[in-house]
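Copied over from TrEMBL, here are the features:
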type     : residues : note
COMPBIAS : 1-10     : compositional bias 'Polar residues'
COMPBIAS : 299-310  : compositional bias 'Basic and acidic residues'
DOMAIN   : 49-285   : domain 'ABC transporter'
REGION   : 1-26     : region 'Disordered'
REGION   : 295-317  : region 'Disordered'
Amino acid sequence: MSQAGSSMTAATDVAQPPRPWERPPTEVVGVTCTAGGQRIRREGGQPLIQLRNVSKSFGALNVLRDLSIEIYEGQSTVIIGPSGTGKSVLLKHIVGLLQPDTGEVWFGGQRVDTMAPEDLVEIRKRIGFLFQMSALFDSLTVGENVAFPLVEHTTLTRPDREERVDRVLRMVGLSGLQAKMPAQLSGGQKKRVSLARSIVLGPEAVMYDEPTTGLDPIRSDLINELIVGLSTRLGITSVIVTHDMVSACKIADRMVLIYDGKIVHDGTPESFWKTDDELVRRFVHGQAEASDLELISKGLDDGEQDRSASKDASSGI
Ligand SMILES: Nc1ncnc2c1ncn2[C@@H]1O[C@H](COP(=O)(O)OP(=O)(O)O)[C@@H](O)[C@H]1O
Ligand SMILES: [Mg+2]
């Protein structure tokens, strides 16, 4: 053990490459997001969705802390932030699946959080929700899955429903797959079927909860193109939660970083890439916190020492 320890000490006297957290903050790693290479960011119209001073706790866990945000009509707003920071909770407030402890939630000039259940049903018809998991009904065909909201919420005849299902499946590039079962689809196809189901009622807004998580870059790109197309060509107001900075850069008119239950940066994607704010930079460039990296590094050092000690022991040193 002492031998392993002294050799480690000797090694640290030699010039070491910089540890990850010693990287100069000006160094750009990963994706860059420049106005030139990307599409035009759009100004939003009127506020369609408003959270006013919303706080939400689960037991002792304070998730949203006095958070206020306005989401503008026709814009794509991308929400980023560490895992467990309340991004999904925020989306669920917008559609009335969760109620705030304090504060207000508004959609299209109507207050959602105190709304009677029958009125909330009407609001939910106007908002598509693409859940983190595809959440398709496994025992229903693709066509039946997509038609489900039409059966639940409209009096359309079967031929009209079939026509509508065909139209949205064509929009997501899955025309003719009505008879397939979800188990026969790839992950990317399931996402697109879910998306078709989210837009079949012709919503004004769609909430996307991590739409590209678990998909490879090519399938992710297809989903991103769809989100952009629905937003720019059909004028759907989009709120997208993502961890994926490439997607964020491609989709967003506006980006919002949530940290510790609050908004810490709000602006164009370019403003996220240009900022000097250390927290924002770290998040955008996918750099872990120095304190966490240091802990991991210490743990690895210990592991290394243990391993060389056990090797020494087994070789009889
Ligand atoms: N219905 C719930 N009951 C209890 N805790 C919840 C509930 N929904 C979310 N949480 C907790 O709130 C925190 C934020 O969750 P979430 O919004 O899902 O995070 P993320 O930012 O990763 O989407 C997490 O710690 C999660 O465990
Ligand atoms: Mg989430």
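Even glycines carry a Cβ here, placed using N, Cα and C.
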Secondary structure content, the compositional bias 'Basic and acidic residues' (299-310) (per DSSP, counts of residues): 12 helix, 0 strand, 0 coil
Confidence summary for the domain 'ABC transporter' (49-285), mean pLDDT rounded: 93
